[in-house]
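Working notes for the structure below.
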Amino acid sequence: MRKLTQFCLGLMLLPIAAVAQNQPTMKDVLGKYFLVGTALNSHQIWTHDPKIVHAITDNFNSVVAENCMKGEIIHPEEDYYDWHDADQLVKFAEQHKMTVHGHCLVWHSQAPKWMFTDKEGKEVTREVLIDRMYHHITNVVKRYKGKIKGWDVVNEAILDNGEYRQSPYYKIIGPDFIKLAFIFAHQADPDAELYYNDYSMSIPAKRNAVVKLVKELKAAGCRIDAVGMQSHNGFNYPNLEDYENSIKAFIAAGVDVQFTELDVNMLPNPKSFGGAEISQNYKYNKELNPYVNGLTKAAQKTFDQQYLSFFKIYRKYVDHIKRVTVWGVDDGSSWLNGWPVPGRTNYGLLIDRNYKVKPVVKEIIKLYE
């Protein structure tokens, strides 16, 4: 009798399990309009943990490296490239039939230590830095030619006030380092899409500067397919009207738009904090970490509303939006737990710490059905 009862219960549960497995995911529905991506860290690209693998492959059809393709990791010494993790990222994507985007070729932060100085520690000349930049871009892009759909060629070269960042690339080469980087990347893989990527893109001064840059690159004959709006957003920012105006401005400038590093910081920020400048670091303060045991109902509602607001905007411009990438797989592995304040518990992504899709995802999917 007990076996019969267990058998009957099993039959009753089968349809429920089947329904759960057949629920449409983001990649199933949103993927009809644009690529749905996530950033992978070095643990995730090597893992065999089925929970992590399924969280990635069930929900996303595109991946990008969180760190392993950045200069200091992939090219730590002038005559040595470390392809170990980057190759595995591409292999993981190929195994699971996912698209790969490359991040990033030229960035002032996490650049190789040797890039800007000679053996005596003196600043290199313009000619030397151009040559080093050329070889770095050429070797990295050619290695993954035909395997990577597109590259963030230059990352974060413009400040929030619209001026050029005074990076070593800018100081040594001048503003044309951006144009040269796009030329070198295109020469290395003529079929790869090329992007300019930056944060705080809803700020009007920054928006205008990026539009100007796009037009200058196009006038110079450079290939630039899209602007990447990183979208490291928060529970009370950005201003949605400004955010949408930037989308419209970039489209009007003749390029597509990609949302390349989407997350929603649910924690209060230090008073002087702004943007997504990775060099900003602050001491831990428990007042800045209010949700150690989970979001309150009010905070969860705000989280849901923010994500729904962004995806409602994206829905309006699907003809010009080619990719939306969330910056991380799950809350537990998100960079937001350690930046800009270390040791916090944040909830900025669409998959929770148990690798379960959050309820708001169903509402996002409904927007596109």
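Glycine residues also receive a Cβ, built from the backbone N, Cα and C atoms like all the rest.
Quick look at what Swiss-Prot annotates:
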type	residues	note
SIGNAL	1-20	signal peptide
DOMAIN	21-367	domain 'GH10'
ACT_SITE	Glu156	active site, proton donor
ACT_SITE	Glu261	active site, nucleophile
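Secondary structure at Glu156 (active site, proton donor), as computed by DSSP, is coil. Looking at the residue listed as 'active site, proton donor' and the residue listed as 'active site, nucleophile', their Cα atoms lie 13 Å from each other. When Cβ atoms from all protein chains are considered, those within 10 Å of the residue listed as 'active site, nucleophile' total 26, not counting its own. Every protein chain shown contributes to the tally, and the Cβ of Glu156 (active site, proton donor) ends up with 23 other Cβ atoms within 10 Å.
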